[in-house]
Amino acid sequence: MGTPAGKTTDAPEVSPRGFAGLLAVANLGLWMPLIPPVLVTLQLRLEDLDPANKERNAGIVLGIGAFLALVGNPLAGRLSDRTASRFGRRRPWLICGMAGGTAGLAVVALVPSLPAILLGWCLAQLSFNATLAALAATIPDQVPVERRGSMSGILGFSQIIAIAAGVGIVASVPGIAAKFLVPAVLGTVLVTAFALLLPDRRLAEPAAPFSLREFAGTFWVNPRNHPDFGYAWLTRFLVSFGVFAPLTYLAFFLPDRVGIAEDDVDRTVALLVVIGLGCTAITSVLGGWLSDRAGRRKPFVIGSGAVLAAGTGLLAPATSLPQVIAAQIVLGIAGGMFLAVDMALITQVLPDPETMAKDLGVINIANTLPQSLAPAAAPLFLAIGDGTNYPAFYGFAALCALAGAVFVTRIKSVR
């Protein structure tokens, strides 16, 4: 009789030779085509298609795509756990996910209609998130418990490099189609190489018949029974909204409020992203080290959440590029500190050591859901007054980040 998700052999005592480097390269390949459309290229595509309705269309496409990412990631992860292919559990999802994501971006880049762009982006989000779920699962598959923290750090750093590389490619290549497809093709090559070299683990026992109730229960933690986890989830959700909201409409904010020429938007976004990520890379490492040295988490989460709110507040009234750069530096510094220390805090409030992957999947919803809600909420605030009320939208995002900093104080089991 099979277990709900099947059974594999025990976790390895040592990682395969070269696995850390290969994983970093694969993570680079995944995020390089996935992030630039959210930050800039999808907005540019929609502006070319229908300049008068670019904000509304961006809200629709990004919102629906983010919702599908929210659903697709845990679903693909569960299906990957149950995959009994002779090629392994992760390899088919890694390769097919990148192929599907590239196909989706090709539709977005080449077919000039809103329904086609929406369909292509939905395919890209579902496919890339299938790859993401399988890639994340290779850590417990291949890495001993005592080395998983450092491996997660490698993933975080390579993700920052991937975003900078993807945005840099977008700023360097001519033509909207190339801005989508060059990062996608490069990323597919890198992830496929990782998948082919991966010593993928196969199920030792077949999975039990799939149960919808089992799936639904996998991604729920009762906040009444585990209030610290509930407050940690709420903190991550609110601060993530505050971080993601300004990025979503940056490609529109720059020409509408700052006066950046349309032809210079992609290069300006690239500059801002590189500045912000550079600050994030430094403070994510420094923040985690300082928190470990102090033996405390909450003061760092509270402080970084408050500074994130301040950075978004600085961006709200900005009308010049130096003001935007200053705000981006503040957001990058605080964002790196928050992401590093808040994740450490979350690992200390997980309800059950036997269900850590499931509970981290619930936390992933707090990371992903703001990507759907921010684009959907933006038009409501932008419509106040002249239709480009970015101060109202960014002000609301700042309040969300500040509220997250407040809710973390309710956690009792972590200092």
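Each Cβ is built from the backbone N, Cα and C atoms, and glycine gets one as well.
Just so you know, TrEMBL annotations are computer predictions that nobody has curated.
Marked as domain 'Major facilitator superfamily (MFS) profile' by TrEMBL: 13-415.
Tertiary proximity for the transmembrane segment (20-40) is limited to same-chain residues at least six positions away from its ends with a CB under 8 Å from its CB atoms, namely 62, 94, 98, 101-102, 105, 108, 121, 124, 128, 131-132, 135, 138-139, 151, 154-155, 157-159, 161-163, 165-167, 169-170, 179-180, 183-184, 186-191, 193-195, 197-198, 247-248, 250-251, 265-266, 269-270, 273, 371. According to TrEMBL, the transmembrane segment annotation covers 20-40 (among others).
Only residues 6 or more beyond the boundaries of the transmembrane segment (60-80), in the same chain, are considered here, and those with a CB under 8 A from a CB of the stretch are 5, 38, 42, 46, 89-90, 93, 97, 114, 117-118, 121-122, 124-126, 128-130, 132-134, 136-137, 215, 218-219, 248, 361, 364-365, 368-369, 371-373, 375-376. The transmembrane segment annotation in TrEMBL covers 60-80 (among others).
Nonlocal intrachain contacts for the transmembrane segment (92-111), taken as residues 6+ away from its ends with a CB within less than 8 angstroms of a stretch CB, comprise 26, 29-30, 33-34, 37, 42, 45, 76, 79-80, 83, 85, 117, 119-135, 176-177, 179-181, 184-185, 187-188, 191-192, 194-195, 198. Summarising the annotation, TrEMBL assigns transmembrane segment to 92-111 (among others).
Within the same chain, residues 23, 26-27, 30, 33-34, 37, 42, 45-46, 49, 60-62, 64-66, 68-69, 72-74, 76-77, 80-81, 89-90, 93-94, 96-101, 103-109, 111, 148, 151-152, 155, 191, 198, 357 sit at least 6 positions outside the transmembrane segment (117-139) and bring their C-beta atoms closer than 8 Å to a C-beta of that stretch. Annotation source TrEMBL lists transmembrane segment at 117-139 (among others).
The transmembrane segment annotation in TrEMBL covers 151-174 (among others). Using a Cβ-Cβ cut-off under 8 Å and counting only residues 6 or more beyond its ends in the same chain, the transmembrane segment (151-174) has close neighbours at 15, 20, 23-25, 27-36, 39-41, 139, 143, 182-183, 186, 266-267, 269-270, 273-274, 277-278, 280-281, 284-285, 288, 339-340, 343.
As annotated by TrEMBL, transmembrane segment applies to 180-198 (among others).
Within its own chain, the transmembrane segment (233-254) has Cβ neighbours under 8 Å at 38-40, 43-44, 47, 54-55, 58, 62, 221, 223, 260, 265-266, 268-269, 272, 301, 305, 308-309, 312, 315, 324, 331, 335, 338, 342, 346, 362-363, 365-367, 369-371, 373-375, 377-378, 382, 390, 393-394, 396-405, 407-408, counting only residues six or more beyond its boundaries. The annotation transmembrane segment is assigned in TrEMBL to 233-254 (among others).
Marked as transmembrane segment by TrEMBL: 269-288 (among others).
Sequence annotations record features per position, and here TrEMBL assigns transmembrane segment to 300-319 (among others). Proximity of distant same-chain residues to the transmembrane segment (300-319), defined by a Cβ-Cβ separation under 8 Å and at least 6 residues beyond the stretch ends, is recorded for 235, 239, 242-243, 245-246, 257-259, 287, 290-291, 294, 326-328, 330-331, 333-335, 337-338, 341-342, 345, 390-391, 394-395, 397-399, 401-402, 404-406, 408-409.
Residues 152, 156, 226, 228-229, 232, 235-236, 239, 243, 246, 271-272, 275-288, 291-292, 297-298, 300-301, 303-305, 307-308, 310-312, 314-315, 318, 356, 359-360, 363, 408, 411, 413-414 of the same chain lie 6 or more positions beyond the ends of the transmembrane segment (325-350) yet place their CB under 8 Å from a CB of it. The transmembrane segment annotation in TrEMBL covers 325-350 (among others).
Annotation source TrEMBL lists transmembrane segment at 362-384 (among others).
Per TrEMBL, the feature transmembrane segment maps to 390-409 (among others).
Within the chain carrying the transmembrane segment (362-384), a Cβ under 8 angstroms from the stretch's Cβ atoms is held by residues 38, 55-56, 58-64, 66-67, 69-70, 73-74, 219-221, 232-234, 236-237, 240-241, 243-245, 248-249, 346, 390, 392-393, 396-397, all 6 or more beyond its ends.
Packing against the transmembrane segment (180-198) from elsewhere in the chain are residues 22-23, 25-26, 28-34, 36-37, 41, 45, 88, 90-91, 94-95, 98-99, 101-102, 105-106, 108-109, 131, 135, 138, 142, 165-166, 169-170, 173: each is 6 or more residues past its ends and has a CB under 8 Å from a CB in it.
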